Amino acid sequence: MEGSSGDAATSSSLRNQVLASICATYGGLANGLSVGYSSPAGPDLQRSQLQLDDPQVALIGSMMPLGALFGGLACGWCMERLGRRTTMLLVSVPNVLGWLLITYAASFGPIVAGRLLTGFATGCCTVVVPAYVGEVCEPRVRGTMGAGFQFQATLGILIAYIIGKYVHWNSLAIACAIMVAVWAPLACLICETPVWLLEHGRDAQALEALQWLRGPDADVGAELKSLREQTEHGASNKATVMDLFNHDNRRPFVMGMMLMLLQQLSGVNAVIFYTVNIFEDAGSSIDSDLATIIVGLVQSVSTFAAVVLVDRLGRKVLLLLSDGVMAVCLLALGVYFYMESAGTADDLGWLPLVSLMLYIFAFSIGLGPIPWLMMSELFAPEVKGAAGGIATAFNWTLAFIVTLTFEPLVDGITEAGVFWLFAAICFGGVCYVTVFAYETKGKTLQEIQEHFRS
């Protein structure tokens, strides 16, 4: 009976944390819709009555990361002034408006404007959602719930691929608008984070929020006291952007930026770009739309594995496994494209296909979700908004640059050279994570901050 009552108490204490996290990380699904839209919509726009050309379709694709860059910077200020929950509610407005602009666009301009708005909302989501989840969850589930953000993003990408295979670009946009609009009522179901409430002197509301999150029977006195001490430390050290480089914040800030760098320079966009070619080289008769759906499915299943494993194996182990396997797969892809250019790869059509699937799996269990998860864990509350905004803007800037420079790189050093370059970066990532990455598994946010302050 005692064991049964203990399990019931544990279930009760986790229920609202899981509910709050799922409602918040639904924003990841909205992000995935924005990321996945251009893949099926681009060719359809060229065939439509708008008759867009290749540069216009490329510009539509690049507007999303450009908007996300500015969204990340703006969100840091917004979530510190207005709160994490309020920011999530407000982000729904430009998101829905952007999709409606695309839906009813009669020319090129409104589509570009709509992509900028949905990109802006995407950048905001990538800052505020990990911050919210990191502040409402206990250490035992924080990794799982945090990785759920990237899992929902991969689901959004997969949904966009599947719907886009069967409907036109404007019908896909209205479907995205409907799914994105659901996030606002979900955000109404959850509470503001106790950390933000304490930072703004709302102690009674912070106690109420913490009690709701931990369950009605939980004794939250000690945790509330610890959170109050942490926020008082932040209040006595009012942060500016320059404070990111002081003793307490420099190491976590550099670590967060390096993880974003390793994520975007891992070659994931290049590999996905070559998905159709790789399927064709393997002798597959699968059409390009179905090939992207298969990749999206592998990515979703793999990211779910990260959700399950991240609080069991830890962040560092998954990052090392991810970087190491990706490096090997990129080496293999480089070898294949080198041999293909020499005309000696006739019997190796299986190699790029196997490498692609292993690569997507490895990225999805480590470098895909964990940089966003650790962004919510590493930074002190007083600098979380500024640090998260800068890290997100840095991530999307790199995505924009990699997308922009990929074709010139292929022209300059060939496909094999590009894949080997990305492999070298992944091997460098293994070295960096081994030496410098800090394991946050099982640690409270207060313990993580004490580590960096000491």
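Each residue's number is its place along the chain shown, starting with 1.
Cβ coordinates are placed from backbone N, Cα and C, and glycine is handled just like the others.
Quantities reported herein were computed from a predicted structural model and do not represent experimental measurements.
Positions annotated as domain 'Major facilitator superfamily (MFS) profile' by TrEMBL: 20-441.
Among the features that TrEMBL reports, transmembrane segment is placed at 57-79 (among others).
Annotation comment: TrEMBL describes 86-106 (among others) as transmembrane segment.
Annotation source TrEMBL lists transmembrane segment at 112-133 (among others).
Look at TrEMBL and you will find 145-163 (among others) tagged as transmembrane segment.
According to TrEMBL, the feature transmembrane segment maps to 169-191 (among others).
Residues or ranges marked as transmembrane segment by TrEMBL: 253-278 (among others). If you look at the transmembrane segment (253-278), the same-chain residues 6 or more away from its ends with a CB under 8 A from one of its CBs are 244-245, 288, 291-292, 295, 319, 323, 326, 330, 333, 352-353, 356, 359-360, 363, 367-368, 370-371, 374-375, 378-379, 383, 387, 390-391, 394-395, 398-399, 402-403, 406, 415, 418-419, 421-423, 425-426, 428-429, 432-433, 436-438.
TrEMBL lists 290-310 (among others) with the feature transmembrane segment. Beyond the ends of the transmembrane segment (290-310), by six or more residues, the same chain brings 36, 39-40, 143-144, 146-148, 150-151, 154-155, 157-158, 161-162, 165, 272, 275-276, 279, 284, 318, 356-357, 360-366, 368-370, 373, 441 to within a C-beta distance below 8 angstroms of the stretch.
Counting same-chain residues at least six beyond the ends of the transmembrane segment (317-338), those with a Cβ under 8 angstroms from any Cβ of the stretch are 259, 262, 266-267, 271, 274, 281, 306, 309-310, 345, 348, 351-352, 354-356, 358-359, 361-363, 365-368, 370, 414-420, 422-424, 426-427, 429-430, 433-434, 437. Residues or ranges marked as transmembrane segment by TrEMBL: 317-338 (among others).
The transmembrane segment annotation in TrEMBL covers 350-374 (among others). Outside the transmembrane segment (350-374) by six or more residues, the chain places 126, 130, 134, 143, 146-147, 149-151, 154, 255-256, 259-260, 262-263, 266, 268, 271, 274-275, 278-279, 281-282, 284, 295, 298-300, 302-303, 305-307, 309-310, 315, 318-326, 329-330, 332-333, 335-337, 395, 429, 440 with a CB less than 8 A from a CB of the stretch.
As annotated by TrEMBL, transmembrane segment applies to 386-406 (among others). Residues 61-62, 65-66, 68-77, 80, 123, 126-128, 130-131, 239-241, 244, 249, 252-253, 256-257, 260-261, 263-265, 269-270, 273, 371, 375-376, 378-379, 418 of the same chain lie 6+ residues outside the transmembrane segment (386-406) yet bring a C-beta within less than 8 angstroms of a C-beta in it.
Proximity of distant same-chain residues to the transmembrane segment (418-438), defined by a Cβ-Cβ separation under 8 Å and at least 6 residues beyond the stretch ends, is recorded for 251-252, 255, 258-259, 262, 265-267, 270, 315-316, 319-320, 323-324, 326-328, 330-331, 333-334, 337, 367, 378, 406, 409-410, 448, 451. TrEMBL lists 418-438 (among others) with the feature transmembrane segment.
Averaged across the domain 'Major facilitator superfamily (MFS) profile' (20-441), pLDDT in this predicted model comes to 87.
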